[in-house]
Amino acid sequence: MGASIDDYSLVHKNILHSEDLLKYILETSAYPREHEQLKGLREVTEKHEWSSALVPADEGLFLSMLLKLMNAKRTIEIGVYTGYSLLTTALALPEDGKITAIDVNKSFFEIGLPFIQKAGVEHKINFIESEALPVLDQMLQETKEEDLYDYAFVDADKSNYANYHERLVKLVRIGGAILYDNTLWYGSVAYPEYPGLHPEEEVARLSFRNLNTFLAADPRVEISQVSIGDGVTICRRLY
């Protein structure tokens, strides 16, 4: 039986529906460790009309930890918005680290740019204003085997995640990680039907149901679906 939108709160972009527990995690563990420029960017973005697209602070710390454990140096980011996850990545990379960041809307990126500059990490970022698929196709033609990427983070148009995956699994090195954000989509992916969603939300929900099934069966990667934020699926390339 499908769940109703009335049964589960979609107010917060977080799989954790206990507001008290989420507040505890953020205030006890996440905010005290949040870089001052990330805090500033978060506070500005929270006032934006599309603030629900903001990566939560606890997820940001998770991404930072993963990048450091991997000793990642070359990364790709598809979907930037105001740049919270991008700044998180730039802060986690070594001084000579490089990020290829792709988004169709540079004006959102420019909201976060002053915070990136104040953090002293702008030199690590190559921002490309474009649809992602043509850029990825060009990168596939130009990237040599020894220059493959360590890590990719995708938080963009949901219906294209599977298309991005086919490119990224070739651009990221064996042993590298590809992360897909929002793969639990407010928890709605658990149900064959979820009445009451806006049509665009429903398209995304169905895309994630298909993607989750596809990734679970893809022999090229091993996966872990992490219930942080709105769900993050980590794919480690095997071959």
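Heads up, residue numbers simply count up from 1 along the chain you see.
Backbone N, Cα and C define each Cβ position, glycine as well.
The candidate list ALA132, ALA190, ALA216, ALA217 contains one residue that Swiss-Prot assigns to the S-adenosyl-L-methionine site with VAL55, GLU77, GLY79, VAL80, SER85, ASP103, ASP157, namely ALA132. The two recorded residues ASP181 (divalent metal cation binding site) and ALA132 (S-adenosyl-L-methionine binding site) have their Cα atoms spaced 16 Å from each other. Across the structure, VAL80 (S-adenosyl-L-methionine binding site) and ASP155 (divalent metal cation binding site) are spaced 7 Å apart at their Cα atoms. Cα separation, GLY79 (S-adenosyl-L-methionine binding site) to ASN182 (divalent metal cation binding site), rounded: 12 Å. Sparsest Cβ environment among the binding-site residues GLU77, ASP103, ASP155, ASP157, ASP181 (other Cβ atoms counted within 10 Å): ASP157. In three-state terms derived from DSSP, ALA132 (S-adenosyl-L-methionine binding site) belongs to a helical segment.
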